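Undergrad: Just lifted these from TrEMBL, have a look:
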| type | residues | note |
| --- | --- | --- |
| ACT_SITE | K196 | active site, proton acceptor |
| BINDING | S12, W13, R33, Y50, K110, A145, R260, V284, E286 | NADPH binding site |
| BINDING | K110, G141, S143, K196, D249, S259, R260, N261 | sn-glycerol 3-phosphate binding site |
| DOMAIN | 4-164 | domain 'Glycerol-3-phosphate dehydrogenase NAD-dependent N-terminal' |
| DOMAIN | 185-325 | domain 'Glycerol-3-phosphate dehydrogenase NAD-dependent C-terminal' |
Amino acid sequence: MAEQIAVLGAGSWGSTLANMLVENGHDVKLWSRNQEQVDQLNNEHVNPHYMKDLVYSDKLVATSDMADAVKGAQVILIVIPTKGLRQVAGQLNKILEQNNQRPLIVHATKGLEQNTYKRPSEMLMEEINEENRRDIVVLSGPSHAEDVAIKDMTAVTAACANINDADKIQKLFSNNYFRVYTNNDVIGAEFGAALKNIIAIGAGALQGLGYHDNARAALITRGLAEIRRLGVAFGANPMTFIGLSGVGDLVVTATSKNSRNWRAGYQLGQGRKLDDVIEHMGMVIEGVYTTKAAHELSLKRQVKMPITDALYRVLYEGEDIKNAISQLMSRDLTSEIE
Ligand SMILES: NC(=O)C1=CN([C@@H]2O[C@H](COP(=O)(O)OP(=O)(O)OC[C@H]3O[C@@H](n4cnc5c(N)ncnc54)[C@H](OP(=O)(O)O)[C@@H]3O)[C@@H](O)[C@H]2O)C=CC1
Ligand SMILES: O=C(CO)COP(=O)(O)O
């Protein structure tokens with residue numbers, strides 16, 4: 001059945017999902033704060049800054065008026081980088097209050113908030129009144145926008161404490177190339193999504209420095225061990241980390257040139273400066289900010305995250321990457337299984 005869906009955020013992922021939802025037969029309004037981008041999407045059906053090869057459906061309606069996007073929507077999908085999420089959610093809350101609206105809210109944001117270390121669903125629950133929302137659904141998993149745009153086979157997770165809401169999102173989003181599984185572990189899905197970006201930067205850096213397959217496999221495996229450790233300390237189900245929003249997303253991000261986090265790491269490995277890498281990416285590199293949040297959180301919770309700590313020193317304290325790698329490799333020898 002066709003649903004009315006609002007998508008907030010017209011970057012790479014938001015605009016690609018909005019287009020896919022139109023092709024799934026839904027009535028979709030895509031909100032962007034940028035009027036020029038809205039005009040390009042409506043008139044030329046392109047979004048060249050974010051998705052240079054995608055021609056969008058002429059049934060997709062873009063708008064820079066959030067109230068217009070949201071009016072009457074039964075489902076609202078939020079695809080805003082972590083840094084802007086609270087502000088957009090606050091704006092949305094005012095509109096929902098005025099309309100007396102109670103939609104199902106889904107987000108696809110992958111990060112942790114600076115200083116508070118909150119997960120995206122926690123930020124959304126704080127910013128959007130309980131009377132104006134149901135449980136939050138997390139859409140996560142190995143899903144580069146570039147692959148979904150060309151209808152490559154993709155499988156993701158819809159996680160929600162209320163499994164009926166996860167089921168609803170599973171049905172709305174799934175099609176013959178995009179398969180959605182459900183999970184009730186929101187904490188695990190969000191920690192997996194946020195923390196894999198740190199490891200992806202590390203994997204790119206290793207490649208930029210000239211390391212090979214063994215190094216990448218070691219980083220991914222031991223990276224997953226520390227992602228799971230932090231997630232479980234906050235109540236995540238350890239099984240989630242061997243699922244799509246765990247190892248699945250880690251593998252795709254840590255092995256693909258489509259990943260902005262991997263590309264950032266690669267350039268750092270090749271000797272470029274962080275500010276320069278951020279400036280030239282033109283899209284969000286969530287892992288840079290999540291490294292700081294996760295490093296601080298791991299100290300606070302006394303959870304060992306040696307790879308995250310090494311990357312923190314490289315990104316925020318100017319340590320040479322090669323030194324950080326030697327330090328990692330010369331730590332006390334330990335058991336693989338805790
Ligand atoms: N790209 C991908 O393949 C995937 C991305 N994700 C996650 O989705 C989230 C969004 O990523 P992605 O779409 O790739 O990011 P992009 O950098 O491609 O786009 C970000 C979008 O968010 C908008 N935006 C940023 N801050 C604000 C704000 N304060 N108010 C309003 N709009 C804002 C930007 O607007 P403007 O252009 O005006 O700056 C832009 O439209 C991230 O957390 C990412 O990790 C998840 C799965 C896949
Ligand atoms: O989360 C993603 C794919 O699942 C996107 O990763 P990047 O942000 O590294 O491009």
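Just so you know, glycine gets a Cβ as well, placed from its N, Cα and C.
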Undergrad: Take the Cβ of the residue listed as 'active site, proton acceptor' and count every other Cβ within 10 Å, whichever protein chain it belongs to.
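TA: A count of 33.
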Undergrad: Sort out the sequence-distant neighbours of S12 (NADPH binding site) for me: same chain, 6+ apart, CB within less than 8 Å of its CB, listed by position.
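TA: Long-range Cβ contacts: Y50, M51, A145, E146, M283.
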Undergrad: What counts of helix, strand and coil residues does DSSP assign across the domain 'Glycerol-3-phosphate dehydrogenase NAD-dependent C-terminal' (185-325)?
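TA: So the counts come to 112 helix, 0 strand, 29 coil.
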Undergrad: Running a distance check here. Ligand 2 versus the binding-site residues R33, K110, S143: which have CB less than 6 Å from one of its atoms?
TA: K110, S143
Undergrad: Between S143 (sn-glycerol 3-phosphate binding site) and K110 (NADPH binding site), find the distance joining the two CA atoms and give it rounded to the nearest Å.
TA: 12
Undergrad: List the residues of the same chain that sit at least 6 positions away from S259 (sn-glycerol 3-phosphate binding site) in sequence and have their Cβ under 8 Å from its Cβ, in sequence order, or write 'none'.
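TA: The list for S259 (sn-glycerol 3-phosphate binding site) reads H144, A200, G204, V252, T253, given in order along the sequence.
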Undergrad: Whole-number answer please: how many Å between the C-alpha atoms of E286 (NADPH binding site) and N261 (sn-glycerol 3-phosphate binding site)?
TA: 7
